[in-house]
Amino acid sequence: MFLQFMFAICSVSINTYYVGVASTASPFHPRDEYRVGHLAQRHMVCSPGQYISQGGTADKDTECLQCTNGTFSDGTSTSCQPHTKCESVGLELIKPGRDSTDSECGEHGSNTAVVAIATGVTLAVLLVIALKAIGANCRQAEYRIGEDCCPTCPAGMYVKRHCTEFTSTSCRPCTEGTFQDNMNGRERCFSCTNCDAGLGLKVKKFCTVTSDTVCENLDGYFCIDSNRDGCIAAQRHMVCSPGQHVSQRGTADKDTECLQCTNGTFSDGTSTSCQPHTKCESVGLKQIQPGSDSTDSECGEQVQGSNTGLVAGIITALVLCIALASMALWRKKIIGNILL
């Protein structure tokens, strides 16, 4: 009973961590915290450019996933929204969307850009246009917060505290691993891009507080998705199969091109041209195995020619032996006649 009483006091009074003796979840720790063993820990907050794939519970932390290309999230939603296609709502694109912000759209032919943070609802876009028409926009180096216009923070910094009637905007530098490349009124900096080797990428230029990481493709890869600064995703160059030759080697922008060998030629897939099959007879050999599109002809010694020479030698020896025997008999006969 005393332990339960102490448990309740600690949970309620501190309200930042959970110390318990029971194995079940406690009703005392706050909803935005989860239990780790006998302690409670605040749920992770997803960064801009990520969405909540699994909300935090009493026993598990929040899970975040990166938005895919062409979508965005400010880190608080449970899914990434597609970037607004400005043309589809009768506007022109002013600034492409990022993984944490939507596309910025404006009126055609307008001298001052109208920024429409669109969610796909046409009515919201039209409302922003109407506000612009009556002069509701802040000046270029200002941003709107409620009914007020505050001075923006410079590139490399974010808004720590918004301006008031008596104070200006308070700015802080972006922390390591984050950046802000423009004047802004954001309360967070963007997360630096990770050049993932699994996507065939490596770092071309490291992230700074005023610029994002620039990636390029690894050696042996070519870029399949790029932006104005570098490569977003790459793919390994194709490897030609045996029976093909490399007609065009892969580059940073193009894949390897392969062509099939024609009849009477071969390649193992690594050469830039197909070679003709060896004609065994032309080098004084006999063909043992015909060539294919991936292998050369197999040649061996002329066995048949060697047998012919052997037979000719034997016949010559026999003829010589017969001739010698005939001469011996003839001489013997002559000598016999003389003796008679």
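Quick reminder: no glycine exception, Cβ is built from N, Cα and C everywhere.
In TrEMBL, annotation is done automatically, which means it is predicted and not curated.
Matching TrEMBL disulfide entries to the candidates Cys153, Cys189, Cys192 identifies the partner of Cys174 as Cys189. Every protein chain considered, the tally of other Cβ atoms within 10 Å of the Cβ of Cys174 (disulfide bond) stands at 22. For the transmembrane segment (309-330), same-chain residues at least 6 beyond its ends with a Cβ under 8 Å from one of its own Cβ atoms do not exist. DSSP classifies Cys174 (disulfide bond) as coil under the three-state reduction. On its own chain, Cys189 (disulfide bond) has Tyr158, Cys174, Thr175, Thr178, Phe179, Gln180, Val209 as residues at least 6 apart in sequence with a Cβ closer than 8 Å to its own Cβ.
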